[in-house]
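Quick look at what TrEMBL lists:
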type	residues	note
ACT_SITE	His148	active site, proton donor
BINDING	His148, Asn149, Ala150, Val151, His152, Asp189, Asp298, Gln349	AMP binding site
BINDING	His152, His188, Asp189, Asp298	Zn(2+) 1 binding site
BINDING	Asp189	Zn(2+) 2 binding site
COMPBIAS	402-415	compositional bias 'Basic and acidic residues'
DOMAIN	72-395	domain 'PDEase'
REGION	392-423	region 'Disordered'
Amino acid sequence: MLGDARLRGQTGVLSERRGSYPFIDFRLLNNTIYSGEIGTKKKLKRLLSFQRYFHASRLLRGIVPQTSLYLLDEDYLGQARHMLSKVGLWDFDIFLFDRLTNGNSLVTLLCHLFNVHGLIHHFQLDMVTLHRFLVMVQEDYHSQNPYHNAVHAADVTQAMHCYLKEPKLANFLTPLDIMLGLLAAAAHDVDHPGVNQPFLINTKHYLANLYQNVSVLENHHWRSTIGMLRESRLLAHLPKEERQDIEQQLGSLILATDINRQNEFLTRLKTHLKNQDLKLEDAPDRHFMLQIALKCADICNPCRLWEMSKQWGERVCEEFYRQGDLEQKFDMEISPLCNQQKDTIPSIQIGFMTYIVEPLFEEWANFTGNTPLSENMLNHLRRNKTKWRNLLHKQHSSSSRSTDHSVQKTEHEEQTLNEGGTL
């Protein structure tokens, strides 16, 4: 008996206990080993020294070293620290950073950014408590998900950091705005089950019923985040009204990532830009642009360097295909984009770029005033789209040659039979 997984705290916002709903058991599937960055712990141990592995394991269990608050051991601290010195650059390689931090990219990145932005001092945060909270968030991402995992959260957080530095926005942001933006980016997909909302609705999942089929996953991510904030007591020293405001604003940001609300936000952004009526001195307009920034960060993969963009594209499609396999196994209708036999990676990525990413990032560039970062992202987007089109063309050409060969072979076999020969 599950009971009600929600907790009503003093602030009145419902939260969820960690691990409070049935997990989607992908062991039902014949799991395939993903050939990208995902490896086994055994392989990781061989690549890293025992000291590094032992230290990271202690961190993941929430045990903070007594001697230092540094998150990295000396043998690789220098490499990771060098990367962190360039965390504001768009070509930041989150996959490499995750390897250097032994799978602790989200915790390490957030601790660094909270320090860089002066949030620890401004909000009088306890460093040990902050670390404990971030470990909770990182652990609540499922590493078996090819895409919706802690590395994706770290990637979105790094992108959000870049966007918060855009002059048009940065000149007006308060410390609260920055903390909300970083926390929402880090936790926006926490405890993602690796399947989409229609799957949860069609299987009558507990979460779909809990949130009445509306922004099911996003509500779960938000309420889970609130649960961890309260459990860790990270903000317990702040006044009740301030905590309540933070929880509500986090919800508004995370709920904005619902892809079903894409047109709603895009239309509103276009209207504001056309009327030139955005007043970033006002908190509501700043919050709206934080929502837009988070939406951009969440889907920025096609705007990255090709090597990283391609890997993200393959990962998200692998997750789609796993859902399709699960639906097929239980005689359900296979969801759009989830049929590996019909939906190719290049075609999925081209459609995503054309109808979702491009329109949003073009308006973001209009807002920022076509800054170097915005131009860089749009240039990557266009180049990557061309590369996916080339790959799609190669697939079609290969498929056509294969079909032509089969037709020729069949015609030859029929001619042989007609002549009384044998195959």
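Cβ atoms are placed via backbone N, Cα and C, with glycine included.
A TrEMBL annotation is a machine prediction, not a hand-curated record.
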Residue pair His148 (active site, proton donor), Asp189 (AMP binding site) - Cα distance, angstrom, rounded: 7
Hey, for the Zn(2+) 1 site built from His152, His188, Asp189, Asp298, who else sits with CB inside 8 A of the CB center? His148, Ala153, Val156, Ala185, His192, Thr257
Using a Cβ cut-off under 8 Å and a sequence separation of 6 or more, which residues in the same chain sit near Asp189 (AMP binding site)? Tyr141, His148, His152, Ala153, Val156, Leu217, His221, Thr257
What subset of the binding-site residues Asn149, Val151, Asp298, Gln349 lies within 10 angstroms of His188 (Zn(2+) 1 binding site) at the C-alpha level? Asp298
Tell me which residues of the chain lie with their Cβ under 8 angstroms from that of Gln349 (AMP binding site), as long as they are six or more apart in sequence? Pro302, Gly313, Cys317, Asn384, Lys385, Trp388
Is it possible to get the count of other C-beta atoms within 10 angstroms of the C-beta of Asn149 (AMP binding site)? 24
For Ala150 (AMP binding site), write down the residues of its own chain that are at least 6 apart in sequence and whose Cβ falls under 8 Å from its Cβ; none is a fine answer. Gly103, Ser105, Leu106, Gln138, Tyr141, Ser143
For each of His148, His152, His188, count the other CB atoms within 10 A of its CB; which of these recorded positions has the top count? His188
Have a look at the binding-site residues (Val151, Asp298) and report the one with the fewest Cβ neighbours inside 10 Å. Asp298
